[in-house]
C-alpha cells in the first residue's frame, strides 16, 4: 500500500507550529500568572504530613481513608484533605461497601524530619526540605496539619539532634500556614519484632518524650500534642513490624477524628486558594522530509545535497532521515526521483510506503561474544541498529535478529541466563487471597514453592476476564487498580525492601529459584536475583494459564508486570524476557533498569513547577556502576557484570534493554519520579525513552511505547495506575480514555527550560 501527503501543507503547518511555539516560549515569562481560584468559604483544609505511615504503606490510603470517611459520616462536608500527593477521590472497601475518600496528602516513605546522611542511597530525605522545595505549605495553606514524623530518624540512629530538627520544621510550618492554623504533633508507634532498624523501641520512648516536650514548648504557637503511640499495639496492629495493618490504620483514623473534631466545630474555616499549574510543552519539532538543508523549504539545493549523499554516503544522520522521502527506512535513488519531481512541479505530494508490521521471527540464541577485557570503551550511546560484528540493520527482519542478539548480550554480560520455564512444572493452590506456587524442575525432580497475594476487582468489566497486574511486591496502588476492574497479584512481600520468596535480596543466591537452579561456576549457571525474581513472576503467569485464571476470572493474556526501585529493574528484565507479558511497566528503575549508564544528571537544575514541585531542583547524586557492583547489590547481576571497570565498556546501554519489549503485540509503559529521586536519575530514564523511540518508530509501532514521570514518590502511585489502565484499556480493549494519551509521549524534561541538548544529539550518528 502507498499513502500520500502534501508537502507544501506539511511545511506550512510546521511553520505555523514553530512560530506559535516560539511566541509562546518567548512571551511566557512576560505573561501574568492566572488568578487563583478560591474554594467555598468555610472550607477547612487538613494536610496529613509525615513518612510512610502517613503515605499508607502496607494498606493503601492508610489512616487517611478512614479519617476522610469518618468525617463524611459525621457530616463534615466542608473539610478538604490537601497535599501534593494522591488525588481528589479514591475508594476502598469498608465493611463490604465501596467507600470514597479524599486521597490528597503529603506522606513520603522513608523520610526524616530534615535531610540526614544514611539510608539505602546515602541520604535520608527530609520533610522540611521537601515542603520548602515545593513551597507546599503556602500553596495548600492548610488550617490543620497532622504531623507524624521521626520513625526513620530513630531507626537510622539519628535520635540525637531530633529536638532541634523538630524546632526547624515547626518554625517553618507555623511561619507559612495561616496564623490561626493548628499543627497536631504526634508521637510515633513502637516497632514490632520484624521492624526495620532492630530493637529501637527504647529510643522511640525517648523520642516520644521529646515530642511531648516540643509540643509543650510550642503550645502558644498553636502546636497541639497528640499521642498515636497510645493507640497502636505493636503486637497486634502492625502489618510488617513497622507499618500499621488495616485495623491499626482504622484506629488511627478514629483517633485523629477525636483530636480535631473540637477545632472543626469551633472553626468557620478561612477562605483558601489553590495553585495553578502550567501545561507541559512538546518534545521538539517534527522532521520535514525533503528538507535536507533544514531551512524549512524544499528547493534544488536539497536535491544537490541528496545526490552527494547518495554518492558519498550521508555524513549527518538527520539529513539522511530527511532524504528517506518514502519512509521505507532507506535513502535511495527512488527518493531523489520523487524530490526532483516535486521541485519541478511534476508532483504535488510525496508517496510514502505504508509500513507493515510483520510477526516476529524466532532466532536461535548465540552467546559468542568477546570477553569483557576485549571490549572497547566508548562514551557514545550505543546504536541499537548496529550488530556486534559491525553489520547494519537494513530491514524489520534484521531488527528482530538484532533484538535477539541484544537479549543474549544482556544474559551474557549483565543479568545471567534467562530460565524460560521449559524445565519447570508449575502447580498452584489458592486459599482466600493467598496463592501458593509450586514448581518442580523436571530434569532433577527438585521442588520449591513461594507465595503470592491476590487482589480481585469487585466488578469485572473487561471481556474475557479481568486484566492482571503482576507486582514484584505489595504497595503498588492495588485499590486504584481493582477499582478500575484490574486484578492484582503480587509476591507476598511488602514494599521495595522485602525480598520475594524466589530469591533473597543479597549475594547469597538463596530462595526458591536457587533451590532449583543453584548458582554455579559457569556463566550460564550464574543467574542474578533480577532474573530470579522475574522467573517467579513468570511462574505466577504459568499458574494462571494452568487453571488459576479461570478460577479467579482473570485474563492471563492481558498481563502487566510492575515493580519499584530494584524491583523496577526486575520488572524491566521480566518484561524484556517473558514475551507473554502484554505490558511492562517498571517504576523508578534507575541504573541497571531503564536509566542510561552513560548519562549523568548530577549538577543539572530543573524546573518542576509544572508538576507542582520545585522551580529550581538540582540533582546531586546518581546511582553509579560501583554501587551496583558493591556487596549489597552485586547479587542482582551475574558474575561477568563484576568484570566491567566502567559503564563505558558496556556494548549496550539501557535503551536497548527497553527495546527488547518492542513487539507488535506488546507494550512498554515507563514510570519515573522527577523530584527527590536523584539516585534513580529520572532525566536519564527520559533519555533512554528517547533512544528506545527510534526503535519503535523504525518498526512502525510508535504508540506501543509510553512514559509517565510523576512529581515525587519512589513508588507506583495512584496517578501511574490511572494512566496505565487508560493506556492499556485503549490499546488492548479499544476503550476510549478520559485523558489525552499524547501526554504519555512527553515529560517534564521535554520542556524548553529543562531540555538538555544531549537529547537531540546522542542519536545523531545512529542509522535510524
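Keep in mind that glycine also has a Cβ here, set from the backbone N, Cα and C atoms.
Residues 267-289 are the range that Swiss-Prot records as region 'Disordered', among 14-36, 267-289. Going by what Swiss-Prot states, the substrate site holds 633, 679, and the candidate of 569, 738, 753 recorded there is 569. Among the ranges 557-562, 563-568, 575-580, 581-586, the one that Swiss-Prot lists as motif 'GXSYXG catalytic site motif' is 563-568. Across the fold, the C-alpha of residue 565 (active site, nucleophile) and the C-alpha of residue 240 (active site, for acetylxylan esterase activity) stand 19 Å from each other. When the active-site residues 68, 565 are scored by other C-beta atoms within 10 Å, 68 scores highest. Put simply, residue 243 (active site, for acetylxylan esterase activity) is 19 Å from residue 68 (active site, nucleophile) when counted between their Cα atoms. Working note on the active-site residues 240, 243: by count of other C-beta atoms within 10 Å of each C-beta, 243 ranks first.
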